[in-house]
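Under the heading active site, nucleophile, Swiss-Prot lists 380. The active site annotation in Swiss-Prot covers 518, 520. The CTP binding site annotation in Swiss-Prot covers 13, 146, 147, 148, 186, 187, 188, 189, 190, 191, 222, and the record cites sequence analysis as its basis. For 13, 186, 187, 188, 189, 190, 191, 222, the entry in Swiss-Prot reads UTP binding site. Annotation source Swiss-Prot lists ATP binding site at 14, 15, 16, 17, 18, 19, citing sequence analysis. Sequence annotations record features per position, and here Swiss-Prot assigns Mg(2+) binding site to 71, 139 based on sequence analysis. The L-glutamine binding site feature in Swiss-Prot is assigned to 353, 381, 382, 383, 384, 404, 471. What Swiss-Prot lists as domain 'Glutamine amidotransferase type-1' is 292-545. The region 'Amidoligase domain' annotation in Swiss-Prot covers 1-265.
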């Protein structure tokens with residue numbers, strides 16, 4: 001059975017459990033271990049798919065079409081394992097599974113209770129997601145003391161009791177606040193957090209102490225004494241200027257060695273090679289160029305809603321030793337303005353979204369980029385905005401719109417996808433009365449690129465696969481009309497029914513590309529993504545006055 005590392009959090013939320021867990025996973029992977037990760041979320045939603053971006057942040061989509069927590073994005077950016085629906089489990093899904101089993105009669109008339117039925121289902125999901133790996137990290141969402149988290153904590157307590165410390169390790173992330181008036185770090189919140197954890201039967205093996213500054217040895221000794229944790233296993237995790245420093249910082253304190261020794265992984269784990277992360281830090285701290293990218297979205301007040309977009313832009317810069325400054329703009333605020341907010345940027349990206357609020361601002365942004373020759377990258381809703389702009393202002397289709405925003409549009413150039421074929425060959429059908437949750441075109445889908453296009457040049461191959469999350473598409477009734485007016489259909493689904501990529505000819509615009517998929521979900525600091533790398537290079541060329549630049553790899 002796969003050794004497990006359970007990651008819990010205490011004191012307050014948003015301390016960075018996902019980043020800390022992913023950083024440890026990256027170190028273990030760098031030692032040659034086959035690693036996977038999993039998130040257990042205590043909210044009752046079945047998945048985050050219908051949750052507000054202002055509350056929950058980004059919905060991250062996996063290859064198999066699962067709508068998951070944004071922490072899975074951190075996981076996939078830090079480790080090479082491609083995750084799936086199995087790696088994201090919520091209370092809602094657990095209860096849904098248990099109730100379905102009860103209705104089928106699987107429990108043979110027993111009274112269904114949290115213990116053992118809910119906890120058994122949690123354990124089954126953990127086993128299913130982690131089977132076949134050298135080691136797995138399982139993050140429990142929320143903080144210790146939350147009533148919603150109790151079934152998950154009880155389930156992992158049972159796992160540890162059954163498997164023993166050599167097959168299950170508890171790692172607890174906690175806050176050590178710095179009190180400026182007193183000029184010192186306070187360990188009491190950590191002591192109480194561990195006390196709460198121990199009261200439900202869980203004794204941490206490792207403590208990760210989050211703080212503004214490094215926790216001194218004297219405080220680490222004090223924490224160890226009051227929490228019954230070995231001093232060497234009290235790890236300081238201070239704020240860092242570059243995210244990619246964290247794996248090296250944890251390794252320097254011996255965290256991976258503690259894990260490898262306790263879980264008896266020494267025979268599989270080799271010497272660590274963190275050169276990739278060190279190179280990423282060096283490229284971030286010593287850039288050779290700098291650009292400013294405007295991100296024109298609907299949820300910019302909560303930037304976690306575009307977490308993967310922001311990271312992918314930085315990855316695109318990283319591959320060229322270029323610092324990418326992000327200028328977040330609310331699409332709605334641009335409506336009725338002279339677009340002066342976009343005057344000083346080197347490139348414009350319009351990300352995904354839903355609903356009519358701010359859509360006209362996105363259309364105006366596309367128009368500005370097209371007319372002012374500013375590099376433009378549209379993603380999902382950003383592609384639809386570009387198509388609407390082109391239909392209205394180039395082709396002259398009065399009232400052109402998406403039926404998502406105007407069902408009575410005389411020229412619905414964007415419409416609801418009523419039927420499409422999935423990656424497995426199944427035919428999916430939807431209408432405007434279908435449930436919102438889980439009814440979109442989701443997951444990894446292949447597309448064929450048109451020879452001679454910018455998209456084909458950037459990808460370097462004819463067929464590519466990207467992750468999708470949308471229910472509206474380019475209306476094929478207008479395909480010929482828009483192509484005749486100069487819009488290039490650069491990519492289509494393998495059955496030729498769905499438009500995947502549009503662009504402008506390079507003799508008409510230096511870099512204007514929009515795609516229906518979400519390429520940000522496949523970008524990593526290791527490799528970047530061809531579209532984001534190309535977009536940042538185009539922004540650099542605009543800043544350099546149109547001078548063609550070669551890629552300076554990190």
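Every residue gets a Cβ built from N, Cα and C, even glycine.
All features noted in Swiss-Prot, drawn onto the structure.
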residue: 16; record: ATP binding site; Cβ within 10 Å: 19
residue: 17; record: ATP binding site; Cβ within 10 Å: 26
residue: 18; record: ATP binding site; Cβ within 10 Å: 25
residue: 19; record: ATP binding site; Cβ within 10 Å: 19
residue: 187; record: UTP binding site; Cβ within 10 Å: 21
residue: 222; record: CTP binding site; Cβ within 10 Å: 18
residue: 353; record: L-glutamine binding site; Cβ within 10 Å: 22
residue: 384; record: L-glutamine binding site; Cβ within 10 Å: 30
residue: 471; record: L-glutamine binding site; Cβ within 10 Å: 17
residue: 518; record: active site; Cβ within 10 Å: 23
Which of these recorded positions is closest to residue 382 (L-glutamine binding site) if you go by CA atoms: 14, 15, 18, 520?
520
Considering only the binding-site residues 17, 139, 187, 383, 471, which residue has the minimal Cα-Cα separation from residue 147 (CTP binding site)?
139
Residues near residue 71 (Mg(2+) binding site) in space but at least six apart in sequence (CB under 8 A):
17, 18, 22, 39, 60, 139, 141
Please report the three-state DSSP label of residue 190 (CTP binding site).
helix
Rank the binding-site residues 14, 190, 191 by how many other Cβ atoms lie within 10 Å of each Cβ and give me the one with the fewest.
14
Spatially, which candidate from the recorded positions 15, 353, 404, 518, 520 is nearest to residue 189 (UTP binding site), comparing Cα atoms?
15
When you rank 14, 16, 186, 191, 222 by Cα distance to residue 404 (L-glutamine binding site), which of the binding-site residues ends up on top as the closest?
14
Most crowded position, judged by CB atoms within 10 A, among 189, 382 as binding-site residues:
382
Roughly how many Å separate the Cα of the residue listed as 'active site, nucleophile' from that of residue 518 (active site), to the nearest whole number?
7
Check the recorded positions 139, 520 for other C-beta atoms within 10 angstroms of each C-beta and report the one with the most.
520
Other CB atoms within 10 A, centred on residue 188 (CTP binding site):
11
Can you tell me the mean pLDDT for the region 'Amidoligase domain' (1-265)?
94
Within 10 Å of each Cβ, count the other Cβ atoms, then let me know which of the binding-site residues 15, 147, 383 comes out lowest.
147
Count the other Cβ atoms sitting within 10 Å of the Cβ of residue 380 (active site, nucleophile), across every protein chain shown.
23
Three states by DSSP: which one describes residue 222 (CTP binding site)?
helix
